[in-house]
């Protein structure tokens, strides 16, 4: 729970309470004095994304510095006195909402902006006619909502065609992103995707592309930076030769340009796979239906786990297979240590030995071995150990010389500590003026204490 109070103690009146309002106001919060009191209370339900607050102090007789998330602004005076005008703009892919593009600092008696700062948001749907630009999932990088149906139209110069650079694609398995090679939803499909994929590019055959995004109405809220980021531009020339020459069988799924075929109601039934099973998002295999394949314990999926029924009633990829797992997963490294492996692929019988860096000792098993199991896949014999800082026994006080003193004076000295000696007036120090506690088991002093000898008259 986050509470922000207009004052400097817990009794001050709240101006924001996350139990009452989920999000902070876009325009921010303004205190009436010199203080805000911020309370953050967490529970034990698990980790969360956290919070980040931007704050600033501003002079009397001036307006505060404006702020716009995912955007920028230009000001006629960087000190923001009365009369200053500020003009806002958004980063590529964002649209100005909820406010004016230009605001002015007014009222010499109580300087304030005549309007609240606008908000820059990634919106659902739009018509984009720039030569190049960005399309973002709704509310990016915050979670997009469920049950959304968004359509963007991209239109570049008539003598060019659209190139799409899909840089981020992380969606739920029930969400669908479709690219159409034309200016409406009746055009042929360039590609249709769900789930998560790496970066890829698509090339349209015309100067227009339509993008449709449909989020699952029944899915839960997705996390931060889950969605998509698409850069587009107009390119001259024909489809690259490598893409044009690729046969339907060899062409990557994301670059497939399906031929027009007579449509019935459903995609063909997909078979079960040995050592696995499938789940289907809809009882009838209509357009948009997603079939997900799973493997039994001891087997892993080779190929894509998700197949989708396209508009032309073909499936988005080939049938996967469940193959027996014959090796252990990479167990990982130990921080502040190194490892020695017997085989890079970790087959059954492979071993991994862990060794800690100097100053650290191993907590856990030093040697892990990959062994087979009657049920399920191979497994490591133990968890990855940890390298924790080595602790040493302290050195005991060696005693001060007669007619002398030591500094600092204590009963025990930690490993690495230094002990200095001095003599009383009229005495000369013979031996080392300082000793160091050398770490070990047990720890020991670097030498014997000196003596203080009376000086000759």
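Every residue gets a Cβ built from N, Cα and C, even glycine.
All TrEMBL annotations are machine predictions without curation.
Feature annotation from TrEMBL assigns disulfide bond to 295-322. Counting only same-chain residues six or more apart in sequence, the Cβ atoms lying under 8 angstroms from the Cβ of residue 295 (disulfide bond) belong to 275, 276, 301, 322.
Taken from TrEMBL, the feature domain 'Sushi' covers 61-122 (among others).
Mapped onto DSSP classes, the domain 'CUB' (124-235) shows 0 helix, 57 strand, 55 coil. Residues annotated as domain 'CUB' in TrEMBL: 124-235.
What TrEMBL lists as domain 'Sushi' is 265-324 (among others).
Feature annotation from TrEMBL assigns domain 'Sushi' to 326-389 (among others).
Per TrEMBL, domain 'Sushi' is recorded for 393-454 (among others).
A sphere of 10 angstroms centred on the C-beta of residue 322 (disulfide bond) encloses 20 other C-beta atoms. Residues in the domain 'Sushi' (61-122) partition by DSSP class (helix H, G, I; strand E, B; coil) as 0 helix, 26 strand, 36 coil.
A strand conformation is recorded for residue 295 (disulfide bond) in the three-state DSSP classification.
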